Amino acid sequence: MIQDSEFFRMEGVPITKEEIRAVSIGKLNLDPEDVVLDIGCGSGGMSVEISKRSKFVYSIDNSEDAKNTTLNNLKKFNVENCTVSLGNAEDLISKFDFNKVFIGGTQNIEQILEILKEKNIERIVVNTIVLENSVKIINKFEELGYNVDFVNVSVSYGKKINSGHIMLSKNPITIITATLK
């Protein structure tokens, strides 16, 4: 995994943290022939990591800043098997052929999951922070007939203080994996 500090960053554009990227990549169960759609690509951390392990990545974000940040990171890490599109996922999904999906953030998630179901996508991994969104997504996957697995990952970083060491927690992330039955 590439360390977070190595990525180009822009204020207001999120990045999936290194440890969360590692678990999410594992949940995608990537194969060198996979073509992956990255919805809500943010800073492009997942797009860069996925591109190293798959045939091609289509990245989507509805933020111009996110698109530009992702493009900067693709260039920085010499990624040539990824394109970045600006727009809403529900409008762009039909333009691409892919077999796996990573969703790091998006609006209209239920509509997007319905569109992905119509395309018979074999594996979808969704990262969420808000508990209500996690429940909504799990319920939608079950309604659509997917096998669903979910794990909540908490990461704490060590910090030295005068009297010893402490662990500083980051927000826990729920990683939801859906596979076709």
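Even glycines carry a Cβ here, placed using N, Cα and C.
If you check Swiss-Prot, you get these features:
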BINDING   Thr16, Gly40, Cys41, Gly42, Ser43, Gly44, Asp61, Ala89  S-adenosyl-L-methionine binding site
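Sequence features annotated in Swiss-Prot and their locations in the structure.
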| residue | record | contacts (Cβ under 8 Å, 6+ apart) |
| --- | --- | --- |
| Thr16 | S-adenosyl-L-methionine binding site | Ser24, Gly42, Gly45, Met46, Gly104, Asn127 |
| Gly40 | S-adenosyl-L-methionine binding site | Ile60, Asp61, Ala66, Ala89, Ile103, Gly104, Gly105, Thr106 |
| Cys41 | S-adenosyl-L-methionine binding site | Ser47, Ser59, Ile60, Asp61, Ala66, Lys67, Thr70, Val84, Gly104 |
| Ser43 | S-adenosyl-L-methionine binding site | Phe7, Phe8, Arg9, Met10, Val13, Pro14, Ile15, Ala66, Thr69, Thr70, Asn73 |
| Gly44 | S-adenosyl-L-methionine binding site | Phe7, Ile15, Ser59, Ala66, Thr69, Thr70, Leu71, Asn72, Asn73, Leu74, Val84 |
Around the Cβ of Gly42 (S-adenosyl-L-methionine binding site), the count of other Cβ atoms that are within 10 Å: 24
Other CB atoms, at most 10 A from the CB of Asp61 (S-adenosyl-L-methionine binding site): 29
For Ala89 (S-adenosyl-L-methionine binding site), the three-state class that DSSP assigns: helix
